[in-house]
Amino acid sequence: MEAAVEPGNLAGVRHIVLVLSGKGGVGKSTISTELALALRHAGKKVGILDVDLCGPSIPRMLRAQGRAVHQGDSGWVPVFVDREQSISLMSVGFLLEQPDEAVVWRGPKKNALIKQFVSDVAWGQLDYLLVDTPPGTSDEHMAVVDALRPHSPLGALVVTTPQAVSVGDVRRELTFCRKVGLRVIGLVENMSGFVCPHCSECTNVFSKGGGEELARHAGVPFLGSVPLDPELTRSLEDGRDFIQDFPDSPAFPALSSIAQKILSETPAGLS
Amino acid sequence: MEEVPHDCPGADSAQAGRGASCQGCPNQRLCASGAGAAADPAIEEIKEKMKTVKHKILVLSGKGGVGKSTFSAHLAHGLAEDENTQVALLDIDICGPSIPKIMGLEGEQVHQSGSGWSPVFLEDNLGVMSVGFLLSSPDDAVIWRGPKKNGMIKQFLRDVDWGEVDYLIVDTPPGTSDEHLSVVQYLAAAHIDGAVIITTPQEVSLQDVRKEISFCHKVKLPIIGVVENMSGFICPKCQKESQIFPPTTGGAEAMCQDLKIPLLGKVPLDPRIGKSCDKGQSFLVEAPDSPATVAYRSIIQRIQEFCSQRLPEGENLVGS
């Protein structure tokens, strides 16, 4: 009885990439943000959908806090973070009256909002839609994968930090991807090293190499290591012009190379 | 009674199960039937079970990866250094259990005894329980929705044979959702001493932690205090400190002042902490001279003091 899926609001979106990790605090939101900046740098139009309902971080990182989502003719109009309107963003953070308010929701309510996020946001024309997820393998993940399945996402980018504790959770996330039939585009190792600003010694704060080893072990592509960059964190937090600052960051080469790999996954000229 | 999400009319109200906010709530049908006013019998059973557990501490944070499990593990290690103190560590991070790895207990199995599941004992006075002990391989993903996770947590509290315990430490996943509501609800009658909230210094983390604090207020969970983790990094080569996660808005200190809750301490980032966790050893023993160990010990002492000031057993402070 089910009719062919209406592409609806995702009709103008060319590629959908999910950013996942079993572990919290490994930098999913940071990587999503940085990747959006890197893709923008390559001249692409990017949307970010933040489905972390209990801890939305992207509005703050992109300095879009306190902005409001408007209702348009075809649905919710996402928030544009730059003047050129090349990055648009949707997050539960825009729907809260108080920024400190806790979203104390059990699964079914979270699922309902995620479905709405997937169907009711008027993204318009996008080259990439990045979907940032909360840690774990539970309600939000199943809901978003189910809702996006008819739109054939390109796959998932799995983020880890180098230590074994994080790698353990990420192994479980890879199992999740396999079980739900989501292709893994590749693994990204975040927070690989920290260069001391005083003596330039590079310390592997969270050890090193775990991501690459895991990728080899699990047979998924390793996309690269992104170093810790306090300057970029500060730039994101201070609300400086991160778009301007971004190319100077030590994280930039790593991110550009990851963006290039994603771009090469998707031969141009399909549309 | 559990504090329910957003505009819940309350299980015993005339609107129960019929309000606009009841849409999509797992209890909608139950509430509409009028049976919602009766409490889950498990709450009473858990209260009975918990009579042998003196102090119950939750370790919370809105944000992931700030060091909840590392802190929980080392709080357990630290308390258990006194061999007369019985410590139990319960990991309710169902989808991402890190405690078995951090405690060096990976691959251990839970045994069934006459009086329930036996925890895995690291020392005679330190028992550990985690969903990680129930998985057959480290690649196993627990892809469970809320109700199934809640069932597991209920079992952990009701069916584990903890024995006589001085401190039960509950390590939680990030967020303010099913696991958190469930553990608070199930332990409501058994009285929780309070919550220790972990954060890192950056605003991105603090904004999630403020949500967690608002959650504690909503469910009337006392807050023991806040621990700022990863505050400052000491370069092993030049010994100079720098900020990896800069406290652009004043860090936990400013937040605690603002919200009038105690700051229990700041733990600097020492690369040896992560290494100890990967190897499953106690960092407190591995690096006794580290400034992080000193900070940990002082925080543990403050938590002990907080617990000892609580009223003796039987006095129910929660649910007033």
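Glycine too: its Cβ is placed from the backbone N, Cα and C atoms.
A TrEMBL annotation is a machine prediction, not a hand-curated record.
Features reported for this protein in TrEMBL:
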- A:GLY22, A:LYS23, A:GLY24, A:GLY25, A:VAL26, A:GLY27, A:LYS28, A:SER29: ATP binding site (BINDING)
- A:CYS196, A:CYS199: [4Fe-4S] cluster binding site (BINDING)
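Locations of recorded TrEMBL features on the structure.
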residue	record	Cβ contacts under 8 Å, 6 or more apart
A:GLY22	ATP binding site	A:PRO135, A:GLY136, A:THR137, A:GLY168, A:ASP169, A:VAL170, A:ARG171, A:ARG172, A:GLU173, A:PHE176
A:GLY24	ATP binding site	A:PRO134, A:PRO135, A:GLY136
A:GLY25	ATP binding site	A:PRO135
A:VAL26	ATP binding site	A:VAL159, A:THR160, A:THR161, A:SER166, A:ASN190, A:MET191
A:GLY27	ATP binding site	A:VAL159, A:THR161, A:ASN190, A:MET191, A:VAL226
A:LYS28	ATP binding site	A:VAL19, A:LEU20, A:SER21, A:ASP132, A:THR133, A:PRO135, A:VAL159
A:SER29	ATP binding site	A:ASP50, A:ASP52, A:SER57, A:ILE58, A:MET61, A:ASP132
A:CYS196	[4Fe-4S] cluster binding site	A:CYS202, A:THR203
A:CYS199	[4Fe-4S] cluster binding site	none
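For the recorded site, A:LYS28 (ATP binding site), the DSSP three-state label reads helix. Other Cβ atoms within 10 Å of the Cβ of A:LYS23 (ATP binding site), summed over all protein chains shown, number 26. For the recorded site, A:CYS199 ([4Fe-4S] cluster binding site), the DSSP three-state label reads coil.
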